[in-house]
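Residues or ranges marked as active site by TrEMBL: His5, Glu61, His65.
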Amino acid sequence: NFTIHGLWPDNVKTMMNNCDPSTKFNKIAVAEQKNELEKRWPELTSLAHIALTSQSFWKYEYEKHGTCCFPAYSQSAYFDFAIKLKDKTDLLTILRSQGVTPGSTYTGERINSSIASVTRVKPNLKCLYYQGKLELKEIGICF
């Protein structure tokens, strides 16, 4: 399935980063929230038990982007909002419902139009070459 890369606020003209260096990440103690985040927003460069203990990826994302949502969104609300957006916009389900399945070849326009038919916005596709073939790496959606 797709995972969350990040949830980045913007002010219409520019993406907001490192808005409040004084606001620090507090390790997530609630097991349910940690498990829900691990399902949707895993740290892909570490084993799950290490990532759940260190929480370094979530810390990085919150301190860089989540602090820009404060005080409208607390740290907990920021992560809960990311989970809700992921569930609301389940890209794998959306693509499958439009006949686009993993392992097959599609044009960028086909992927774009399949997602846009449900979300009503065109996604930002990022692709890379892997073993001589262009592969979908990331789908960005502006809410």
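First residue shown is number 1, and so on along the chain.
Placement of Cβ uses the backbone N, Cα and C atoms for every residue, glycine included.
Remember, TrEMBL labels are computer predictions, not curated facts.
On the structure: features taken from TrEMBL.
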residue	record	contacts (Cβ under 8 Å, 6+ apart)
His5	active site	Glu138, Gly140
Glu61	active site	Gly6, Leu7, Trp41
His65	active site	Gly6, Leu7, Trp8, Pro9, Met16, Asn17
